[in-house]
């Protein structure tokens, strides 16, 4: 009894000093309230993440080689948040955002907040101010590699600045994490990859900005271009693979493949075909695709066109895929083990 009284007194003192809700019993948080998520714009990736999308109030890292689809994926998440009436911001440290392409992906560029900062410190201060406002739903930083510390910009070209970038990221994330959680802002950091020198065994690839982002990120996704999509001789898009390499909210290491079409973004009908085959909803016999004994096309591109022309069939397939989400997720884990064996 005395211990309980002492604990109650301590809790009351903490709440007086730091405000109500600063400490509580874990079970009292409305039955561990459901995670609020924002769709990635890819049905397959939403399923691979295990929670239906990207979680609000968390840090996300998307990394990969050049032209792999990092910015495209981030812009799809922005478009999905805007569809729900959310406010989004884009910190364009690379000074390379194309508003015409963003509009084609469904982004409302007229209401998208954009900043093109001069230094890494300025970019992260802007990000911190926006997050603390509590009015931003999605914040994208493109990219970590372009967050150049002020000292490096003001120095000479050959000067050595060992660890400066990593220290900047570490300090910023220590400062940002608490306000990101409180404001329920989804913060997406895009990152590039580099090769570590002298690595004889294991993967020589690493991301820029030190290790801080790896620790603070709740989800890390590795995005790669694995092939080209051609219409006769013309390349019209990329085949893309995304692997969830870290996930604090669901089992990690699931992967999904989808098409990114030039000028269109993620091909939703292509995903419906692939996921439909995995779930047994769409049957594939040779080059023919069929659904409920109805042939929908010979060859993947013809089947995709059929789904574009028949949105009711596409909606029916999507509904059934969502109803069999567990089956599709299990297939993603199987695909992962098969890919590793092939590698």
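Cβ atoms are placed via backbone N, Cα and C, with glycine included.
Database features, via Swiss-Prot:
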type	residues	note
BINDING	64, 65, 66, 67, 68, 69, 70, 71	ATP binding site
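Residues 64, 65, 66, 67, 68, 69, 70, 71 make up the record's ATP site, and a Cβ search at 8 Å around their centroid adds 223, 225 from the same chain. For residue 67 (ATP binding site), the count of additional Cβ atoms within 10 Å of its Cβ stands at 11 [all protein chains shown]. In this view, residue 68 (ATP binding site) is surrounded by 23 other Cβ atoms within 10 Å of its Cβ, with every protein chain counted. Same-chain residues at least 6 positions away in sequence with a Cβ under 8 Å from that of residue 71 (ATP binding site) are, in sequence order, 97, 142, 190. Neighbour density around each Cβ, counted as other Cβ atoms within 10 Å, peaks among the binding-site residues 65, 69 at 69. Under the three-state DSSP scheme, residue 71 (ATP binding site) falls in the helix class. Listed in sequence order, the residues of the same chain lying 6 or more apart from residue 66 (ATP binding site) and placing their CB within less than 8 Å of its CB are 192.
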